[in-house]
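First comes the structure, then the notes that go with it.
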Amino acid sequence: MYALRGAISVENNKAEDIRIATQELMQDLMQANELNESELISIISSATNDLDQLYPGKAIRELGYQNTPILCLQEMKVENSSPKMIRLLIHVDGSKESALLKHSYLKRAKNLRPDLIK
């Protein structure tokens, strides 16, 4: 088993903006790592407390991921943390060297983990 990480910023606390951002991040992680749903074990999503108009998991389900358990959490509020962020942690069945993993940090989220951006 291995895990993929990703994050994306959202411009506005609107359901459609959250949907578009979540789906963009999910599709980027899946395509970059050449995965399909049958390889997924579970997905944990989190959103900062300033995003409350749509569960990121609902946006993932709308992409067709019906058989993968998805848990949505609120990101811990920390002073001076980046606002309007969605994060994903995807657990994958299989083995892959960490050097081959393609994590995804999009838009303003690129500043969160520059060490993981290739």
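Every residue, even glycine, has its Cβ placed from backbone N, Cα and C.
Going by what TrEMBL states, the prephenate site holds R5, Y105, and the candidate of R61, R87 recorded there is R87. When each of the binding-site residues R5, R87 is scored by how many other Cβ atoms sit within 10 Å of its Cβ, R5 comes out lowest.
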